[in-house]
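J.: Under the heading Fe cation binding site, TrEMBL lists 172, 236, 307, 514.
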């Protein structure tokens, strides 16, 4: 049960009751869903990259101080094809696979070149998305898989292209105050153009009597041409405010021409992602109401960003925070061969992230002198320097180093001024890390960690009577590098990092990537996540039959 990158994990289909120590808050009722790679070898074949592994979903169902755990592999088309062949036959981003190795190179080329853009995997291993009343496992391709969040069963396969022309889409959608989904996708060489497409999925279908999915009413907010027809930027996430959407065209680019021939060259799609250190990073600002981009041309130095943290508007400016790297070495670092070397103490230093704050003016004074700073805010040292031809160079404020997988009080502060960031405290070597709370105002931090344990991305939940931004708890999965130590769900007080409770489970738990918490608003439905004897007990209990969040 120890941490071992590349080791296959067993699924736990039937719920297992956890051993709880400490006291779980009485108001905490719901299900924590987590997603990540759980299987890295099929038969005699192996994936090359940790992000290629087959998706293993797991959940913690919490109610009345009890916790139940279960896990299940996503039965994607990719999973099913691999299991039937007992080897890897579906390509993932870091592993190119061949369904029929007996074919010669010419028949392979003919089969593949019939389509310029490959049919990507539906191995949705990165995150979850709530769309209307439905939940989906998501990755960065055009495919998402509907799931049953109570039982983790895999339901229908959905192709974004049925509703909006995108070949790739982020696994980090946003939700506005009405529950609408906002996401960013890339349309590759469609009608002679490669575009970044910002689209919105309504929280509910206009006519619910026809049982239509909200996906059928997907709306394109804006399409922005890529600066290069054959080299769009890699986009993992983006930021939103009340009125604007911010995304970066970074010099970490997907070479479409290389990708179109990757199959016959025997190269993975990951090899088609190229970092151009001589290029700039361009900042795109789109008005949500009009769908039009801000005309000012903003740019900054070359960097690679996987995770945006948050953004907000202040006195005619946009401030947005990102986790930035000097190059693409973080993605390279997660090849399983590199991770194995790291566990043996032979790896290079882990790429180190930096939390950067950018500030951009929404309007530019035409009389401002070239070289002048257009940012007049006292709350940041970030600058926006006017250049010729209405270009603006953005110089960030460096907030802190070593923070990744950032989370905030999303429900109350996404797109709004905020103070606290919760995340993964990255160290310089491959050792179990800590959870960090960073205070943007005081530039101070809190940390929590335990020897031999790896924490997951923290999930913040506000208390029902929260008055301050950090009134709440953090939920994290903890997996040990010591096989004698059981994994557990950890609950921390988000204000002071005091430990509230643990829920130990005797299972083969995997390291995961992202997830979400579903509040208990429908107990009768959610009972499916619990063993039958617990369902019966809950049905006999008059308190349990009264649904709703405390």
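Cβ coordinates come from backbone N, Cα and C, glycine included.
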J.: For the recorded Fe cation site formed by 172, 236, 307, 514, name the remaining residues of the chain with Cβ within 8 Å of the site's Cβ center, in chain order.
T.: 126, 127, 170, 171, 237, 306, 308
J.: Can you give me the same-chain residues 6 or more apart in sequence from residue 514 (Fe cation binding site) with a CB-CB distance under 8 Å?
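T.: Listed in sequence order, they are 34, 35, 36, 126, 127, 128, 171, 172, 405, 457.
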J.: Name the residues of the same chain, 6+ apart in sequence, whose Cβ is under 8 Å from the Cβ of residue 236 (Fe cation binding site)?
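T.: 140, 170, 171, 172, 305, 306, 307 - these are the non-local Cβ neighbours of residue 236 (Fe cation binding site), listed in sequence order.
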